[in-house]
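*Asks:* Take this structure, written in structure tokens, and hold onto it; I'll ask about it next.
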Amino acid sequence: MLGEVLVTLGVVLALFVVYQVWWTDLDAARAQSAADADLDRQWDTADNPRMRGGVPEDAEDAEERDPALSGLADGTAFARLYIPAFGSDYRFAVVSGTSDAALETGPGHYTGTQGPGQPGNFAVAGHRVGRGSPFNDLDALRSCDALVYATADRWLIYRVLPVDAPDPDSAREQAAECLPAELADRATSGPYEGLSGMSVVRPEDVWVIDAVPGRAEPPSPELLPLTTLTTCHPQFSAAERLVVHAVLERSEPRVAGEAPVELGGR
């Protein structure tokens, strides 16, 4: 009798795992495909008020109307995320909000944080297992790996901050491998000293998405533009959070048919 019960429980558990990993992936793939197609419609040159003839309008004017800061409805796609270290086919539409419904579509923007490319912290959450698993491999990232966002008119190339640097000098040396010297110095000193490119924290440690992670500083134009990715840790558990911090290396106009070198462009 006990054996039959255990077998039944095993079958139920196996079916639950199949649902969590396989079936939710199918649902998420459909939702992600729809969100990605919606971005294409939004960004079509003829319909995109921030593009004229395939060339972005003035960057300062466009930044003032950043869609991430304009009260988008929960689950609305507004950017794309590429992580070259995960392969040339890694690409996800980023949506507004971190509700369960939003994250079933893809990575979601913590709406209380800054927008892409803005001074402060553009923070994004994503599932690690099931529902498309966009952040399943975050723990494989290393110092200087690129996180590339596309917005309506810009390419934004961030670089993962130093990982496992034993001291500030080592952190600065790691950062200087992919960042200009002045930026490498800023990103590893002052309020950013000790900020690791990767860490594991408790779920309640929401300071990781502050404008300056770990410091109660309000957003201001003087801050570095960061992006933070968060996901559950370890796999198949929500006991902790895996966190990746990166700093904006550069921004480029998004011109039709062109891409940054990190994505195979010239």
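Residue numbering: from 1, along the chain as shown.
Just so it is clear, glycine is given a Cβ too, placed from its N, Cα and C backbone atoms.
Please treat TrEMBL annotations as automatic predictions, because they have not gone through curation.
Under the heading active site, proton donor/acceptor, TrEMBL lists HIS127. If you look up TrEMBL, you'll see CYS232 marked as active site, acyl-thioester intermediate. TrEMBL lists 38-50 with the feature compositional bias 'Basic and acidic residues'. Summarising the annotation, TrEMBL assigns region 'Disordered' to 37-67.
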*Asks:* Which residues, sitting 6 or more apart from the residue listed as 'active site, proton donor/acceptor' on the same chain, put a CB under 8 Å from its CB?
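*Replies:* Sequence-distant Cβ neighbours: ALA28, LEU103, SER133, PRO134, PHE135, THR231, CYS232.
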*Asks:* Using DSSP reduced to three states, classify HIS127 (active site, proton donor/acceptor) as helix, strand or coil.
*Replies:* coil
